[in-house]
């Protein structure tokens, strides 16, 4: 009985732990610290992305070791939301109301961020550099406190279209997309570039994420007589598409969303030789690419990994991503010059000028303005050689819309 | 409910049940008053975030109560109550965001829809016992998030984007200018309080005894003239209705619904809440709600690297310490007090 009682007391104690929070003028900023809030799926279906949050914790530890920012240490508070939107709402309210963070940085997930979008904008809490590729985070008119980071799916589609029009001005395009937010962003991007020509040169076919195969979609696209194919779908269907296109003897110029370019889950299952010539895009330096062995930016990242996350998987692309987005945040905080009010932080987040980030491809710069909430708008194309993705050509900018 | 007409229990049975010793009226009044104070005080003591958490815990408790009605009291294992929770939430969200209904007007609709669907699910449940029923309801929980995304209903459900809605504001006649969070808390405890009272009433009457008899010994129950088929389907309907109402409350408290909000984990969470709170216990359901909301946060505070492992350990620890749930603990304490008295 003693054990039982002790455990119960301990639990009761943990439950009753008082919430200490001091009222102050600028929430989360004192003379000695800045509090930053974040939510991540450390558990649940997307827990593989938890390494982004892990990287951030160590990144800010590094910043503190180097003396912090404007004389203040960074207190990075990150909570698990299990990739569940109601949990994200709960954890975000805990961050804002109880922990009194100055702002939110890099919360992950499209649905999770959608769930807190209105809350943070009503409360005017900066909601910076989200980990999601949806296009709506660039909507500076309606949600002025929210800004994305990575190139949106829409920007990516614009870049493919620019390249296509350059290569084949009289192309007929077949567009295969998954019928959800993700897939529809590509349709919007294609329309941005083609405009009134969209209806005459594009044949679109969609599929559901729950469909067993997309064989019939591929056949109907082929019969439309198109000579270019843009595949905007998730890995399983991308592998099926590559295989099916090769099997029916169709040889279009094939663009593939960079969501589905994993060698292990797409290219190998599809058959590496079937995919030769497929074009996709990139904006981050691939940690497995031997071309970056002596790159200054990647060396900086590797030094950070060795010192602060020695057991981290050096092949995991989440780490260079996290390093890049955290570096962008440091630039914003530097530009604040000690004025860490929420207005000032948001003003500087929308005032980044041609920032070079160590883990972004050369020539891809971070730019924001009060009327540009898409920090990364450039990408470089890469082609499947049968064994790896090989970058080619210069960086291409998405359309200004 | 009208099930009672079909359940003929011989008049001698009630005498066999030990009659509860009546408390003096002043004691009853004291207990009711104490309960009200405990329920209302947090709204004025807590800051808005802990109050929001408590609101969510009460809502989860109500959802667990729904599950308890069918699994705890009627012995039909359901691993798919997340589906009813989602259905209730979406019923409210669709009516509020597309048709601009007030929250209160959506509650009966949501309850009716969930009740009907629950009644429908109750029929296959008659033919499937135990584990097979658990698997069938489980598949329901798997299917619901995907059905919500389907393009034929996307205009209504908002697809993967989900729907936004707004918390009901405190009515103007309320004194003192309640904040939206305080009012939401009162809405949650008000609605939940009514549901708990109705369920308690249902369970301690003859229908409740019939439900438990059907659970404990269906053949004997049938031999005594109970229409077990009707009882089971109606129990499912009531249960789905209660969980659906909790779903409605959660939709307005969170102000957002999306298919990702109602993954399989919701059903499992409700099941965990029921077992931890106490199977076949009305008040235990409330503790179950508190557990499923607060314990994951404690687990995360202990370890960010593996919150799931810590949660698992805490869960096992709770089951070890309280093998019959919180309700069992309360029962033991009450028994000891009575023994001393």
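Cβ from N, Cα, C; glycine included.
Annotated by TrEMBL as transmembrane segment, the relevant range among B:1-19, B:77-95 is B:77-95. Counting same-chain residues at least six beyond the ends of the transmembrane segment (B:25-45), those with a Cβ under 8 angstroms from any Cβ of the stretch are 51, 54, 178, 182, 185-186, 189, 193.
If you look at the transmembrane segment (B:264-293) against the transmembrane segment (B:51-70), you find at least three C-beta pairs under 8 angstroms, all six or more positions apart, and that counts as contact. Below 8 angstroms of C-beta separation, residues 42-43, 76, 78, 81, 84-85, 181-182, 184-185, 188-189, 191-192, 195-196, 199, 203, 235-236, 238-247, 249-250, 253-254, 269-271, 273-274, 277, 279-282, 284-290, 292-294 of the same chain, each at least six residues beyond the ends of the transmembrane segment (B:51-70), sit close to that stretch. Long-range Cβ contacts of the transmembrane segment (B:101-121) within its own chain (Cβ-Cβ under 8 Å, at least 6 residues beyond either end) map to 80, 84, 87-88, 91-92, 95, 137, 140, 168, 187, 191, 233-234, 236-241, 243-245, 247-248, 252. Within the same chain, residues 76-83, 86-87, 90, 121, 157, 259-260, 262-264, 266-267 sit at least 6 positions outside the transmembrane segment (B:128-148) and bring their C-beta atoms closer than 8 Å to a C-beta of that stretch. Nonlocal intrachain contacts for the transmembrane segment (B:77-95), taken as residues 6+ away from its ends with a CB within less than 8 angstroms of a stretch CB, comprise 63, 66-67, 70-71, 101, 103, 105-107, 109-111, 113-114, 117-118, 121, 130-131, 133-141, 143-145, 148, 156-157, 163, 165, 236, 239-240, 243-248, 250-252, 257, 261-271.
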